[in-house]
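Below is one structure, written out as structure tokens; the observations come after it.
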Amino acid sequence: MFSGSMVALITPLGEAGEVDYASLANLVEYHIAAGTDAIVAVGTSGESATLTVDEHVKVVLKTLEYAKGRIQVLAGTGANATHEAIIFSKLFSGTGVAGCLTVTPYYNKPTQEGLYQHYKAIAEATDLPQLLYNVPGRTAVDLLPETVARLAKFENIVGIKDATGDLSRVKKTRELCGEDFIQLSGDDATGLDFVAQGGHGVISVTANIAAADMATMFKLALSGQFEAAQKINARLMPLHRDLFVESNPIPVKWAAHQLGLIKHGYLRLPLTELSESAHPVVLQALKDANVLL
């Protein structure tokens with residue numbers, strides 16, 4: 001259902017802070033041409049936390065419109081209030097969205113039982129396929145494999161994006177949830193190793209600016225050609241590292257602008273533009289990865 005190189009798509013913004021839909025359309029075409037397996041719109045990299053509800057919905061629907069059925073589009077639907085996450089999931093039902101990526105509630109720090117009840121309520125309220133999203137470095141809660149196993153019993157909870165960087169979880173989650181439960185890495189630096197451990201792919205920040213390389217790398221990996229995949233991964237490692245020199249998506253939006261993929265690299269407060277001292281760091285990473293010659 002979901003596998004390979006899936007991009008955690010950035011949301012282009014204009015000088016006044018408005019969504020730049022022309023650049024968004026360009027990004028969709030870029031990913032289709034590059035062979036990206038799926039687009040995840042309005043997740044962390046898409047600045048979901050600072051878009052209005054209307055903007056959130058419109059960006060997803062416009063991404064679908066631009067894709068024209070040529071690539072899968074998933075919607076970020078996470079919220080730290082369960083009823084809001086349900087509303088988002090229901091809004092995208094019947095639109096053509098392939099599934100939802102739902103981050104664990106942030107700030108309010110629910111228990112494992114609270115996390116279970118949160119996702120249970122969402123699963124029971126919508127028929128869309130749901131991907132759990134565990135990123136404790138941002139949310140301050142960790143969705144444990146045992147809780148994932150309880151949730152995997154719901155037919156429409158089909159997998160997880162795991163951004164813990166803990167490769168031991170791949171095997172444990174597979175043992176608890178079965179081989180058909182989709183496991184996607186949310187950490188570019190360990191994404192290839194994640195697949196080597198039995199994962200199905202990655203939801204990637206790096207793919208925003210190195211889409212063809214990421215798509216090729218994961219096609220090779222999923223066909224068992226890890227040596228060839230590792231050569232690409234080694235070249236991309238400066239990006240995996242330095243696209244996080246400041247908070248994501250600050251560096252990747254700056255890089256995408258430098259590459260001409262988007263018209264501007266603007267963000268919304270409280271995120272600020274990439275500091276000048278970090279410009280040479282990201283620029284060198286682009287050169288080392290052969291993305292910028």
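Cβ from N, Cα, C; glycine included.
Here is what Swiss-Prot records for this protein:
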type     : residues      : note
SITE     : Thr44         : site 'Part of a proton relay during catalysis'
BINDING  : Ser45, Ile203 : pyruvate binding site
SITE     : Tyr107        : site 'Part of a proton relay during catalysis'
ACT_SITE : Tyr133        : active site, proton donor/acceptor
ACT_SITE : Lys161        : active site, schiff-base intermediate with substrate
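Annotated pair Ser45 (pyruvate binding site) and the residue listed as 'active site, proton donor/acceptor', C-alpha to C-alpha distance, rounded: 13 Å.
The recorded positions examined here are Tyr107, Tyr133; by Cβ neighbour count within 10 Å, the least packed of them is Tyr107. DSSP gives the residue listed as 'active site, schiff-base intermediate with substrate' a strand state. All protein chains included, Thr44 (site 'Part of a proton relay during catalysis') registers 25 other Cβ atoms within 10 Å of its own Cβ.
The recorded positions shown are Tyr107, Tyr133, Lys161; of these, the one with its CA atom nearest the CA of Ile203 (pyruvate binding site) is Lys161. Annotated pair the residue listed as 'active site, schiff-base intermediate with substrate' and Tyr107 (site 'Part of a proton relay during catalysis'), C-alpha to C-alpha distance, rounded: 19 Å.
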